[in-house]
Amino acid sequence: MDKFDYKNSLENRIWITRKCRIHASERLDKWNCWTKLLQVYYSVILVGLSIYNLSLAKLGTQNTAISEQLLITSITVSFFSMYLLSQNYKERALRLKYNYHGFDELYRKITQMTIDDQYEVQQIIDIEKEYLFLLKSSENHRMEDFLSSQRDSEKKSWGIFTYAEDIFYRTRWVIICILFFVLPIFLFYRFFY
C-alpha cells in the first residue's frame, strides 16, 4: 500500500469514527432527556395517586390494596431512578463529544496533508497513533450509531437486512418510551376501576 492509499484509508476511518461518535453523543443526550422526563412523569403520577388515596382515606373508603400498590410502585420507581442515574448518560455524552472534537482535529490535520501534498509516511503513522489513542480514550459507539451516520450517504448500497436493522434501532427506543408512558395509565385503571 503506498502512502496515498494509507493516508486515504486513515482519513476515511477518522471521518467515519467521528460521525459515529457524534451520533452516539446525540443518542446519549436523547436518552438523558427521556429518562429525566420519565422520572418526572412517574413521580407526578405517584404523587397524584397518593393524594387521591389520601382523599379516599378522609372519606373512609381507603383501600389498603391501593396503598400497598402505591408503596411497591414508589419503591420500584426509586430503584428505577437510581439505575438510570447510574447510567450517567449526560457524562458519557460529554466524553463522546470531547472525543469527536479530537477526531475533528485529526481530520483537519490529515486533510491539510492532502492540500500540502508534501508529507512523509511517518506523519501518517503519527496521526494513526493519535487516532488509536482517541479510540481508547472513550467508549465505543454502537451499531445503531454507525447506521445513523451512514443513513444519508450510504443508504443506496444497503441490503434488506441493513434496512431492517436500521428500522429496528430507530423504532426500539420509541416503543420502549411509549410503553413506559402507557404503563401507569394501565395500572391506574387496573387498580382504581
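Note: Cβ is positioned from N, Cα and C throughout, glycine not excepted.
Over the domain 'SMODS and SLOG-associating 2TM effector' (5-189), the average per-residue pLDDT in this prediction is 85. Positions annotated as domain 'SMODS and SLOG-associating 2TM effector' by TrEMBL: 5-189.
If you look up TrEMBL, you'll see 37-54 (among others) marked as transmembrane segment.
Here TrEMBL flags 66-85 (among others) as transmembrane segment.
Outside the transmembrane segment (173-192) by six or more residues, the chain places 30-31, 34, 38, 41-42, 45, 49, 52, 65-66, 69, 73 with a CB less than 8 A from a CB of the stretch. The feature transmembrane segment is assigned by TrEMBL to 173-192 (among others).
Beyond the transmembrane segment (66-85), the same-chain residues lying 6 or more positions past its ends with a Cβ under 8 Å from any Cβ of the stretch are 35, 38-39, 42-43, 46, 49-50, 53, 56, 187, 191-192.
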